[in-house]
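Participant: Just passing along the structure, written as structure tokens.
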Amino acid sequence: MAGFRLTTKVQVSGWRFLLRRVEHAIVRRDTRMFDDPLQFYSRAVFAGVVVSVLICLGAALMAYFKPLGKQGSDQLLVDRTTNQLYVMLPGSNQLRPVYNLTSARLVLGNASNPVAVKSEELNRISKGQSIGIPGAPYATPTGTPASQWTLCDTVAKPDSSAPKVETSILIRTLAIDSGVGPIRADQGMLVSYEGANWLITEGGRHSIDLADRAVTSAVGIPVTAKPTPISQGLFNALPNRGPWQLPQIPAAGAPNSVGLPENLVIGSVFRTATESDPQHYVVLPDGVARVNNTTAAALRATNSYGLMQPPAVEASVVAKIPEQVYVSPLPDQPLDVLLRQDSPVLCWSWQREPGDQAPKTTVIAGRRLPLPANAIGTGIDQIGGDSTVYIEGGQFVRLQSPDPRVGESMYYIDPQGVRYGIANDDAAKNLGLAGPVNAPWQVVGLLVDGPVLSKEAALIEHDTLPADPNPRKVASGEG
């Protein structure tokens, strides 16, 4: 055998060494070969070949055990050609076309995603009637949970005989600045609803009789003030804080019997001198009561009983008289009444952050909606409702109705601002919804109401979908 060995191992090794040296000369322009970095290149090529072979082998195994476009054991399928959704009901060998992914998940009881299958594969399986919830959202994605819910009225042409009111629902964080912000304690706004006049303050709404100039002048409402209308939704959201009218004083005008001068009859106002501002009192049948400046002004404007100014009485005399309580709803100081011409936007905002024991409500007024600049014009003008909705993604909410007899309810609000009732916790879990945020019914109740999302509703068969009873033609220029 030795006669057939034309080269030796040493010769082969030397030949390979010379090849590497030539390679160094060409690539590195150096034949000394103090180091050999080129050896890593060959190793990288070898490693790449190995990885490629492993990937090809894995793809071949996956294609064999789980071929693409085959049904397998999956129950939620989608046609790769038409994107039609199908479900295979448990215990059935029929495919059921389903209207939306929401219905499919409710039927199957989990939040799985559809598997794409070839049309040829689906055509080999028998099919039944379509099932699902007509009008349900295709899916139930959620955005950033909203902790602030706001209802706004914007009055157009407030000086006209019939001002127009536009309602907006803001399910997002507000942008407060010098142009729009909370009403201060010393501010108010005059509005009307169904023929009645109301004064809006930081705490809510107060009914007020504009013909009672004794009260209106005392609280700072000018004679030229004109109430502007508000929507039913905003009226219901603003809490009723009671009427701004003076309580009647029994036996007003009769002589007092508490030891005051004769000119101070029951119902009259006097003052005591103090180091700061004078303290006003009103005479009652069985004593005297402290009143603030606006109440004193309103009482005197109603009937001053011939007194040009409130008489001054020594504090030592007043101290001997029984002190009673005269309950007046009027503020301590006259208000700065905001005009709708300057502040056409009026809002009620509800906010409850995680950990808060109770929600915080705020009355907001200003020249524009409290939205950031990039959100202006992004509202959804609902067809079935009277509002424009500004919302950041879908919301899963749990709300407490103002009526304690109703109890709690869960809703999913889709990115179009439509609310859908969630039947129970199981339905929410099957839709992939968790961690509902708190929301006020005063705002949620104004959204367009969609169907209830439940398994029972999703298991209803249909020949065809009913027509929309309230369609709207696409605006010109959009289609």
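Cβ atoms are placed via backbone N, Cα and C, with glycine included.
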Participant: To which of the residue ranges 16-72, 187-243 does Swiss-Prot assign the term region 'Structural repeat C1/2'?
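Facilitator: When 16-72, 187-243 are checked in Swiss-Prot, region 'Structural repeat C1/2' belongs to 187-243.
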Participant: On average, what pLDDT score does this prediction assign to the region 'Structural repeat C2/4' (392-447)?
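Facilitator: It averages 88.
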Participant: Radius 10 Å, atoms counted are CB only; among the disulfide-bonded residues Cys152, Cys347, which position scores highest?
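Facilitator: When each Cβ's neighbours within 10 Å are tallied, Cys152 leads.
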Participant: From the DSSP assignment alone, can you count helix, strand and coil residues within the region 'Structural repeat C1/2' (187-243)?
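Facilitator: With helix first, then strand, then coil, the region 'Structural repeat C1/2' (187-243) has 12 helix, 20 strand, 25 coil.
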Participant: Taking helix as H, G and I and strand as E and B in DSSP, count the residues of the region 'Structural repeat A1/1' (75-127) in helix, strand and coil.
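Facilitator: Helix, strand, coil within the region 'Structural repeat A1/1' (75-127): 13 helix, 16 strand, 24 coil.
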